[in-house]
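Student: These came from TrEMBL, pasted as-is:
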type: DOMAIN; residues: 115-212; note: domain 'DHHA1'
type: DOMAIN; residues: 225-327; note: domain 'RecJ OB'
């Protein structure tokens, strides 16, 4: 797979690809010549997938099959707008989910073994993303449900943590209480299921009990790093060397480093993303934590941070500079 991805990325860089891909990159403000493997998942993938989540997957297929830029570009614009709509709905749903959890006034020690949530106005196309966000924030297996078209059933999307095989756990519920689960499928990390709306509370209780019976150690998140980088290695040359070893991905994750830094300045972007200006010894550089609001507790009165990060680059007005992509932050 890595060989195929590497070859595909090089073809895109040389514009030897479908015009729909080039149209999507242009709308996203990315140069095809500098695309990286990560951009397949963070730039192209969300826009193509937005069609199936919000409307019809046919739109994404039509974009990829288009023969001319004149045909592809309007479709790519439609996909981009669908992705914007998807992000807005996702944000609203996540906020509603967090509000529901806040209303329970739970301390960190009282968080349930599993999070199982449902609202009548939630969108089926976005529940998987919201489940993933909540799973990352709370380190709990999470299932988010939305209404089915028939008004009788609700459909759920599940995301799990290491140590909890989510499909097998749902199967355990189905075997113990076959009346609670209509359909399900999936694998260790993710699953989908359908239940009757009237059975939601009963399913929630049984599923939570199944997870709660597991070893308590699985609820303690462990973050592995590749150690501290020497200050002299915090430069773009290091990033170039790392990228030459790619493409990185599942089972072959991008290196993550850790370190202590002085905070020179900070600002919030769209009240969601945290941008920091950091210093260590005589060096200074930028760092960014995407979706930091709610994930990390940042105290601007403290002038030092301990970070787990990936090395990245920031391109602005043609200037390229080193940037740290923050994976975890504490003070």
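Even glycines carry a Cβ here, placed using N, Cα and C.
All TrEMBL annotations are machine predictions without curation.
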Student: Average the pLDDT scores across the domain 'RecJ OB' (225-327) and report the rounded value.
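Tutor: Across the domain 'RecJ OB' (225-327), the average pLDDT comes out at 92.
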Student: Taking helix as H, G and I and strand as E and B in DSSP, count the residues of the domain 'RecJ OB' (225-327) in helix, strand and coil.
Tutor: 12 helix, 55 strand, 36 coil
